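See structure below.
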Amino acid sequence: MPELPEVETVRRGLIPAMEGRRIVSARLNRKDLRFAFPDRMAERLTGTQVERLDRRAKYLLARLGSGETLLMHLGMSGRFSILADDMARQPGDFVYAAPANPAHDHVVLEMEGGVTITYNDPRRFGFMTLFDTALEAQNPYLAQLGPEPDSNLFSGPHLAAALKGRRSPIKTALLDQRVVAGLGNIYVCEALWRARISPRRLAHTIAGERAERLAVAVRNVISEAIDAGGSTLRDYAGADGALGYFQHRFDAYGREGETCRGAGGRVCGKPVSRIVQQGRSTFFCPDCQR
DNA sequence: CCTTAATCCTGCACGC
DNA sequence: TGCGTGCAGGATTAAG
């Protein structure tokens, strides 16, 4: 389940295969993923150069010489693999070949220099679209996003302001990409555990020192996860095939019934609980988190 | 303005 | 072994 750290890991893996290379050909093996591909997508990609590969929240943004941006979202199970003959130790070597069912290879980009980038996505929760880069501020996927966790705009006061008046549980509010960009179920659980805040607490009660603690927890857990190369869960691996290690460091997510390690330096030892909120599993320690 | 539920999709773990 | 069931869940849409 790619959240911000996983998407960032994928971006870093794709950079050598994409940046500065022309797209020689683009093949779409179906007409849609989660949504229909835009009109003439293959033609609009063919012949243009990828000048830069950016990321915003969970979106990858390939900046094209044509003046358009290719926006890509990995959904739940989206993966890129790279086959290259000039990036491997020996020509023709697989830089990365995930054990992926080729029936779910939906987009294939042949890049300049003998590099093939394949997008595989069994569940097809991912999507791709093209937009005029100059109109990014109006793009519906990007315009409403909250700050990146590592930006100067993201802080305790920002969180308090964004959560003001919201009567939903903080767990739900943090999944709202307008509050902070890039969090999903896993890192929300981890951040709340670190901040010792109950996932059930109403969002508008997060202010002051508590908001500060939460902002720090979000920033730190995201930054540590990026440094670890993200998390490798059921169906995720980095673009370069390197497996993320952060899942070994989860304190809450997936640890139902296991011993709480004690949040914020406190001694605990009680079992981690699982509840369902908005139809999603939430893992937390009722003892540590209030 | 707010909140909630349903929707999309496939693979896998589980119980019988 | 096979079959049915539930779960994983991000973003959007519709409904309340």
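Quick reminder: no glycine exception, Cβ is built from N, Cα and C everywhere.
A 10 Å cutoff on Cβ-Cβ distances gives A:PRO2 (active site, schiff-base intermediate with DNA) a total of 26 other Cβ atoms nearby, all chains included. A:PRO2 (active site, schiff-base intermediate with DNA) falls outside any helix or strand according to DSSP and counts as coil. Per TrEMBL, active site, schiff-base intermediate with DNA is recorded for A:PRO2.
Taken from TrEMBL, the feature domain 'Formamidopyrimidine-DNA glycosylase catalytic' applies to A:2-126.
Annotation source TrEMBL lists active site, proton donor at A:GLU3 (among others). For A:GLU3 (active site, proton donor), the same-chain residues that are 6 or more apart in sequence and have a Cβ closer than 8 Å to its Cβ are A:LYS58, A:GLY182, A:LEU183, A:GLY184, A:ILE186, A:TYR187.
Per TrEMBL, the feature active site, proton donor maps to A:LYS58 (among others). DSSP gives A:LYS58 (active site, proton donor) a coil state; it is part of no helix or strand.
The feature DNA binding site is assigned by TrEMBL to A:HIS104, A:ARG123, A:ARG166. Look at A:ARG123 (DNA binding site): DSSP puts it in coil. Listed in sequence order, A:GLY75, A:MET76, A:SER77 are the same-chain residues at least 6 apart in sequence whose CB falls under 8 Å from the CB of A:ARG123 (DNA binding site).
Mean model confidence of the domain 'FPG-type' (A:251-290) amounts to 91 (pLDDT, 0 to 100 scale). Per TrEMBL, the feature domain 'FPG-type' maps to A:251-290.
The active site, proton donor annotation in TrEMBL covers A:ARG280 (among others). Counting every protein chain shown, the number of other Cβ atoms lying within 10 Å of the Cβ of A:ARG280 (active site, proton donor) is 14.
Outside the domain 'FPG-type' (A:251-290), and at least 6 residues removed from its termini, the chain residues within Cβ reach (under 8 Å) are 169, 171-172, 175, 185-186, 189-190, 192-201.
Taken residue by residue with DSSP, A:HIS104 (DNA binding site) is part of a helix. Most buried of the recorded positions A:LYS58, A:HIS104, A:ARG166, judged by other Cβ atoms within 10 Å, is A:LYS58. A:ARG280 (active site, proton donor) is 19 Å away from A:ARG166 (DNA binding site) when you measure Cα to Cα.
Cα spacing between A:ARG280 (active site, proton donor) and A:PRO2 (active site, schiff-base intermediate with DNA): 16 Å, rounded to the nearest whole number.
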